[in-house]
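Residues or ranges marked as domain 'NADH-Ubiquinone oxidoreductase (complex I) chain 5 N-terminal' in TrEMBL: 73-115. Under the heading domain 'NADH:quinone oxidoreductase/Mrp antiporter transmembrane', TrEMBL lists 132-388. The transmembrane segment annotation in TrEMBL covers 37-57, 78-98, 118-149, 170-191, 211-230, 251-271, 283-305, 317-338, 372-397, 403-421, 433-453, 465-489.
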Amino acid sequence: MVWFYACLAAGPAILLLSAAAIPVLWKSSPRFVQRSSSTLLFAALGLASAAAGFLCWKGAIDQVFCGALWPVPLNVGVYFDSLSAVMTVLISFIGLIITRYSARYMNGEATQGRFLRWTAFTLGSLLLMVVSRNLVMFTAAWMLASFGLHRLLTHYPDRPWAIWAARKKFLVSRLGDVFLLSALVLTYYAFGTFDYVSIFAATSITEAGSLSVYSPIGWIGAIYVLAAMTKSAQFPFHGWLPDTMEAPTPVSAMMHAGVINAGGFLVIRLSPLVSLSPGALDLLALVGGFTALFGGVVMMTQTSIKRSLAYSTIAQMGFMMLQCGLGAYSAALLHIVAHSLYKAHAFLSSGSVLESAARTRTKISTTPSGRAGLFSLPPAIAVSLGIFCSFSWLFGFDLATKPGAAVLGLILTLALTELLWRSLAPGSFRVALQGFAWAIIVGGGYFGAFTLMDRVLSHSVSHSIATPSVFDLLVLGAVGVGFVGVFVLQTSAGRLLRRPAFQTLYVHAMNGFYLDIPARQLAAFCWGRSVPTP
């Protein structure tokens, strides 16, 4: 067992220690530092994979290395379960890809050593966060990761907009720290401990959603949700993310594929606690759903590839928070994994997007219109519903007992409808057959991946489902109507933009509905300078 504990501690340790050693080694042997950075990430990935494999054999590990009794009982150690295993492998893998990419991207720059230092520091902090045994260690790693990201965002000090965007991020992060520290104090007051195992044991005897909104534990869950919202760029804390495009591309990839997932990880890790608070779940569903809709609408109007990807991240993080609010924590983690892999690839390949788009353009890339488009929509909806209902029955999903699953099913059905609609509109049997095949693959793949993730996390997240109240049903209905509205807007955009009112709306959406102006003014007030424009 000793080697297993060494694997868990070695991943974060080697990266944090290397961050301290890189400035010294870079002066004498920069090539050695470049090669060793990738080697260290290879080692971290190998250790994470070995630990995950051992987990399948022995089960979850709760190990104390050392402890203190003053001023409060605090044990330093690791807590490693299936949730930690998935996140550790994901962070190590993405960190390896980004580090290898940056070796070429930053080659020849005098500041490459500093960049590698803070990259290793940030990745080490993230790994420490996901294997932390208690909330104090988690909070310390949370703040260290934020500090490392800030240094990476200000890597080019001669770019004023990069500095200002980092300052906006700094303000939001400090607000998140206040929320997290407040929840930390209240958690100790309510449970008398910071350890995950003790907190989860105390919450296991309480029925999900049974606590009043005014209950102390209910408030604790809501404050943790607020902290997660600041880290994962949820409305109204989203304004900093689209403006952080002046940093090196590997930083954008790591931020969108790694650091921004910290908020979602916090909610999923504390799901046994958060699930007790109906107010916290409603807040997650409302804010997450609105953020997903807002980010999706604004994303469609952006002309910059990177800003479009940024609003895409905002929308995806909103959807992930919505899944948490609906109690679908396994689906939320699946979303984190899929989005991280996609967004890392999207940013690292953003330089060749235009060339690739021109080479792969097809005749059905536009939204169907005219009579053919109108007549092909009802069959697309019917087939999509059939696919969803078939897989729901095949995988044993009872939508009658899970209203939240019905909302997620509606969203999946809308996605399949658009895919099938584009395939049916051209009137080609071959294209329609291909679209039908892809719809089955997408639907079956999602249900299969969710079922697998649900089994992986069977002992790591809360599976309790509270009886929905009238307000809960209203929230679910509002979220469902919102996604249907965005579907109609997206599929009818070409026709609607001929109208002056929608042209005005398009301009407002292109500017993010000006919701970022207060954040810019606050940053200007704090640093005493005029607000720049991108």
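Including glycine, each Cβ sits where the backbone N, Cα and C put it.
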* Structure fact -> Here the mean pLDDT of the domain 'NADH-Ubiquinone oxidoreductase (complex I) chain 5 N-terminal' (73-115) is 85
* Under DSSP, the domain 'NADH-Ubiquinone oxidoreductase (complex I) chain 5 N-terminal' (73-115) has how many residues in helix, strand and coil? -> 28 helix, 7 strand, 8 coil
* To do: Six or more residues out from either end of the transmembrane segment (170-191), which same-chain residues have a Cβ under 8 Å from its Cβ atoms?
  => 72, 135-136, 139, 142-143, 146, 150, 198-199, 202, 216-217, 219-220, 223-224, 226-227, 229-231, 237, 240, 519, 522-523, 526
* So, does the transmembrane segment (433-453) come close enough to the transmembrane segment (372-397) to give 3+ Cβ pairs below 8 Å, pairs being at least 6 apart in sequence? -> yes
* Asked: Other than its close neighbours in sequence, what residues sit by the transmembrane segment (251-271), given a CB gap under 8 Å and a spacing of at least six beyond its ends?
  -> 83, 87, 91, 94-95, 98, 101, 119, 122-123, 126, 129-130, 138, 142, 145-146, 149, 152-153, 155, 196, 221, 224-225, 227-234, 241, 244-245, 284, 306, 309-310, 313, 317, 320-321, 324, 329, 332-333, 336, 339-341, 343-344, 347-348, 461-462
* If you count Cβ pairs under 8 Å, which stretch among 118-149, 211-230, 433-453, 465-489 touches the transmembrane segment (317-338) the most? -> 433-453
* Which bits of the chain, at least 6 residues beyond where the transmembrane segment (211-230) starts or stops, bring a Cβ under 8 A of a Cβ in it? -> 172-173, 175-177, 179-180, 182-183, 186-187, 189-190, 203, 237, 262-264, 266-267, 270, 273-280, 283-284, 287, 321
* Under an 8 Å Cβ to Cβ limit, what residues of the same chain, 6 or more beyond the ends of the transmembrane segment (283-305), are close to it? -> 222, 225-226, 229, 233-235, 238, 245, 267, 274, 311-326, 350, 353-354, 404, 475-476, 478-479, 482-483, 485-486, 489-490, 493, 506, 509-510, 512-513
